[in-house]
Amino acid sequence: MAKPPAQVAPGSAYNLVETKPPLPAKLGPRGAAMAATKMASTYDMVEPMKYLYVSVVKARDLPTMDVTGALDPYVEVKLGNFKGVTKHLVKNHNPVWRQTFAFSFANLQSNQLEVIVKDKDTIHDDFVGRVVLDVSDIPECIPPDSPLAPQWYNLSDAHGERFHHGHSLGEIMLAVWIGTQADEAFPEAYHSGAHPLSTAGLTNTRSKVYYSPKLIYLKVCVIGAKDLIGAENSKDPPVKPTIAKIQMGGQIRRTRAGQPPANPVWNDEFIFVACEPFEDPLVVTVEEKVAAGRDEPIGRIIIPVAANAPRNDLAKSVASKWFNLSRGMTVDEAAADVTTGTKHREHSKTFASKIHLKMSLETAYHVVDESTHYTSDLQPAAKKLRKSAIGMLEVGILSARSLGSNKNPYCVAKYGAKWVRTRTLLGTAAHAWNEQYIWEVFDLGTVITVAVFNNKNLDGHGDAKDERIGKVRVRLSALESDRVYTHYYPLMALTPGGLKKTGELHLAVRFTCTAWANMLAQYGRPLLPKMHYTSPISVLQLNSLRFLAMQMVATRLGKAEPPLRREVVEYILDADSHMFSLRRSKANFNRIISLFSGALAAGKWFDNICKWKNPLTTSLVHVLFLILVCYPELILSTVFLYIFLIGVWNYRRRPRNPPHMDTVLSHAELAQPDELDEEFDTFPTSKPGDVVRMRYDRLRSVAGRVQTVVGDLAMQGERAQSLLSWRDPRATAMFITLSFIIAIVLYVTPFRVVAVLAGLYLLRHPRLRSKQPSAPFNFYKRLPAKGDMLL
C-alpha cells in the first residue's frame, strides 16, 4: 500500500536556510591570513569577484580622418562579445574621456583585450587605431595597493603598423589591471553587462550611497492678532469671524475662529515637518470668513524657516514676537521673494495689523519617518544631543536565487539615515552582487531593512515603476556580537492572488560591539529622546507627521542622481502600514491569544493540581506551600530563583538564527482572496458598490462580535463596582457584613493559620468538592451591571 504524502508544516517553505560560503571572515585565523593577500579586509564578508578594469583616460595627436580635417573620436573597449563605448567628443584631436570599464572574470570569453579608437561619422564610423593586450600579461592590483598609474600606448592599425601614409596614429593613455569589487573604481565603473545601455539607462544601474535629509519639527503657536481690517472695507475692522491659515509647502493648518474678529485670540499650536536645506517658507495668512465656504485674506506674513531659533531643551523658553501683516501679495510671489531675497514693495502694503506668533525648530525630537515597531533610527535632530556609537553593523549582500527569468534585480538597504543601493545585475541568471556595506550603530533596538527590486527603467526615461520582489528585516538586538550570520532569507510578495515566494536573498550580517558598557546601559534608557517624554506628541499627530516626513524623504531622494525612486522609498518605509487589513487584525488577535496562552496554561496546571490529576505532583505542591507559609521570607527569593532556572533551561533552546518574517504569524497563507483584495484596494476605494457593501456587512459582523466581548468585559467590571454601590441593597448589605466578620476573624487569627487553611481549601481532594459552582461565584454572577440600562 502506498504511503500517504508527508504533511508539510505551515510556513516551512519560508524558513531561513543557513549557509557556509567561503567568506574571509569565516575562514578562521589561518584562512583569513591567506585571504588577506587576495582581498581588502573591509570586504571580508563577501566572496571575492575578479574584474578586469580598463580606465580610458585620454589620447593625443590623433590623425585626421575626414577631408574636412575634423575628428569626433570615441573609444570602444572589447573583450570577447562584451564591449564598452565611451562618449564621443566633437572635433577633438586630443580628447579626454576618463571613463572606466569593468569586465567580470566569470564571463571571460577571450584572452585578448582590444582598445579601439574610432571616428564618429553619420554613415559609417572610421577606424583610427587600436591597442591589443594579452589578458595573461595584465597585472593584478588588489587593495590596499595604490591605484595603478595609467600609461601611454601607441595606436596601431589592423596590421600592427604605427604609421599610416607616413603619419603617426597617435597615442592613448590607459590603465589596465585585474582587481576585485573592493577596488575604488568599482562603484563608478561601467560594467560589462550594462555596456549596451544608453548613458541615462546606465546611470540607473550603478551602486550608490544616499543619505536621508535632516528632518526637524517646526512648532508654531498662533497666539492672536490685533487691529485687523476687514476684507470688504479696507478702513473698518472685520465683522465676521477670523482665522489664521499657516502653510509651509504642502502642509496647511488652520486655527479655529477667533473672537473678537478685530482682535482675535487663538492660542493654537501646530507642528510642521521641515527639511534641510529649508526651501519652503512659512506663510501665515489671516482670513475673514465672509460667507459659507468663502474666506477672504486680510493680511499675510512670510517667514523663512531658517529664521526660527532652534531649541534643544524644553527648559529653554522661546520668546513670542509680533509681526506686521501685509496685503496684496500672493503666496507664490511671497515664496519667490523669500527665495530671491527681494521684496515686492510696489504692491505689498504694510499697515497697522499685527499677528502674535511663537515659533521654534524643535531639534530635540526625533522625526519619525518609519514605523515605530521596526525603526532604524532613534537619534534626535540636534547633533550635540546624539549619543556616541556603540558598535558597527556590517552587511554583505551576496546573491539571490529563484528570482525568475528576465529579472534585472538590485538591492536597497536602509539603516539610520544611510541608504545603499547595489548595482543592477543585467542579462544573467546567476544573481551575485557580493557588495559589503557598513553602518554605525547607536541603539540595539533598531532594525535594518534590505529590499530587492526589479529595475524597469533601463531605457533611461524613468516612467515605469520598479517591481517589488521582496524585503528582509533583521533586528540588531537578536544578533550575537562578532558572529557572522550567513543565511538565505525568503523573499515574499503578498498580492491580491495570495502569498507568493519570489526568491531568496543571501546575506551575511555581523554586529561588532565597540562600547560594551554603553550598550548594556542602553537597556535602562528610554527608547526615544527625552523631549518625546517631557513634551509628548499625541499618537494620532505623530502618525500624521510620519506620513509627511516620509513624503519629504521620498521627494529628496528622488532628486538624487541616479534617483532612489519613490516606490522604493515607500516600500522600505512601509508607507501603507496604517491602512486597515482584516488579515493583520486576525494576526494581532492571534498574537494576543498567544500572549495569554502562558497564563491559561498555568491556570490549567493549577486546576489539575487542585483536582489531584497527578497525586505525587499535588503532594509536592502541598509541601512547597507549607514551607513558604512557614518561611514567608523565602517567597521572593524562590520566585526569582525559579525565573533564573527557567532562563538557564531555555538557553539550550535559544534561537540560533536571526528572526525573519513569519508567514504563520502574519496570517498570510490562510488569508481569503476577498480579504487580500480589500487590503490592496486603493483609498478611497475603487471597487463597485456591491463589493463595498459585502465588505461593510462583513466588517459589521466582526465589529458586532468585538462589541459583545467588550460588553462582557465591561459587565464584569460593573459587577465589581456594584458590590459597594447599593444598586442591589441586599447584596451590598450581605457583602459588607461578611467583610466585617472576616476583618474581625483576621484580627484575632494569625496570618499563617489563615494562609494554611485557605491553601488547603483550594487544594482539597475532588471527593471534597461539589460539581456545582461555588457560593462566591454564584453571588458575583447575581450582581447587577449596566447592560440593562443600554438602549
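Yeah, the Cβs are placed from backbone N, Cα and C, and that goes for glycine too.
Bear in mind that the values here come from a model prediction, so they are computed numbers and not experimental data.
Residues or ranges marked as domain 'C2' in TrEMBL: 33-153 (among others). Across the domain 'C2' (33-153), mean pLDDT in this model comes to 83.
Sequence annotations record features per position, and here TrEMBL assigns domain 'C2' to 196-323 (among others).
Residues annotated as domain 'C2' in TrEMBL: 374-489 (among others).
Tertiary neighbourhood of the transmembrane segment (619-649): same-chain residues 609, 752, 755-756, 759-760, 763, selected by CB-CB distance under 8 Å and a gap of 6+ residues from either end. Sequence annotations record features per position, and here TrEMBL assigns transmembrane segment to 619-649 (among others).
Remote same-chain partners of the transmembrane segment (733-763), defined as residues 6 or more beyond its termini with a Cβ less than 8 Å from a stretch Cβ, comprise 609-610, 618, 621-622, 625-626, 629-630, 632, 723-724, 779. Residues annotated as transmembrane segment in TrEMBL: 733-763 (among others).
In the domain 'C2' (33-153), helix, strand and coil residues by DSSP number 12 helix, 51 strand, 58 coil.
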